[in-house]
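Student: I'd like to ask you about the structure that follows.
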Amino acid sequence: MASLQGSRPPLEFGGPLGAAALMLLLPATMFHLLLVARSGPARLLGLPPYLPGPEVLWSPQMLLLWLTWLGLQAAFYLLPARKVAEGQELKDKSRLRYPINGFQALVLTALLVGLAVCAGLPLGALPEMLLPLAFAATLTAFIFSLLLYLKALVAPASALAPGGNSGNPIYDFFLGRELNPRIWSFDFKYFCELRPGLIGWVLINLGLLMQEAELRGTPSLAMWLVNGFQLLYVADALWHEEAVLTTMDITHDGFGFMLAFGDLAWVPFTYSLQAQFLLHHPQPLGLPMASVICLMNGLETIPTATGRQLLVSGWWGMVRHPNYLGDLIMALAWSLPCGVSHLLPYFYVLYFTALLVHREARDEQQCLRKYGLAWREYCRRVPYRILPYVY
């Protein structure tokens, strides 16, 4: 196992060519979803009704609004925290400290938005700004990733991530060279991981709900469910913010375009797809079906492991990643309020399945390097990865 631990990790995502393709494909997919969600046919695999020109995408006002949003969340990050947690041990045996105040940021944002709406802020107009805001977020992610790459060039070797130092600038720009880029105590990756994108996601959902109320007199039951489910998910993630310190994103991956674009652009503008769809394509939903969907969303509360031992009892005795199974059930519950007449609102389920299968494969390699023969024995005793008797 020593040779496995000491070797350089293999290139992922298809190497430099795959990284370059993803840097084009991911933004293109995001804009495709934004365009088709508001179109009449709403076909996931069809062409968008039109291609927006620069005058539609570029707006200095929207860029300023986006930067103001990031600045507001950064200010909330710097406020005194209810707790300060230590991260995992680094190569130099040190541990970084992280403020646990994400839920506080969500509450302060809610209060501020509530006061602004009472003062006349037209939050229902937000859905009409999604295209230029998404363009501003994408532009910000590219520029931010370039600055992170340049910063990593002068970082000490002990600060670099295991996988983002291949020597190929395209691949390293995508995956991220530095593990925990910081300026003083401000940790850029930790800040972006849960705050601007997740809180922005529920704010976009709320804007869509308010526009539906303006158009139809009251939000539909389906829109209420989607907003409620996703707000609950975001609030739970921010309440348990400390748990992110043990995830692969924080402990293993560098901070490059992959995470910067994912956190700042992909999450708020793609994860709100169900609410976008419902605004333009209202769906009838009765109370019996709504009750079944609520029950499915509750099934997501499969426990997760917090210790370092390899569990072979309970859920972990059935599959090696039961938390991923819970995520997939939850993703389905978010999409079902949109009915079954269109494939588009189920994009999240398809995407998340692919993401979790890929992440599970990365987890397997990490665990093999970490636990060695103990992991092989665990895999023998628990042969299924995510879905019992299937995968």
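Just so you know, glycine gets a Cβ as well, placed from its N, Cα and C.
Here's the feature list from TrEMBL:
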{"type": "TRANSMEM", "residues": "17-37", "note": "transmembrane segment"}
{"type": "TRANSMEM", "residues": "57-79", "note": "transmembrane segment"}
{"type": "TRANSMEM", "residues": "100-123", "note": "transmembrane segment"}
{"type": "TRANSMEM", "residues": "129-150", "note": "transmembrane segment"}
{"type": "TRANSMEM", "residues": "328-349", "note": "transmembrane segment"}
Student: Contact between the transmembrane segment (129-150) and the transmembrane segment (17-37) is defined here as three or more C-beta pairs under 8 Å separated by at least 6 residues; is that satisfied?
Tutor: yes
Student: Counting only residues 6 or more past its boundaries, what in the same chain has a CB within less than 8 Å of a CB in the transmembrane segment (57-79)?
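Tutor: That would be 99, 101, 104-105, 108-109, 112, 129, 131-133, 135-137, 139-140, 186, 191, 195-196, 199-200, 264.
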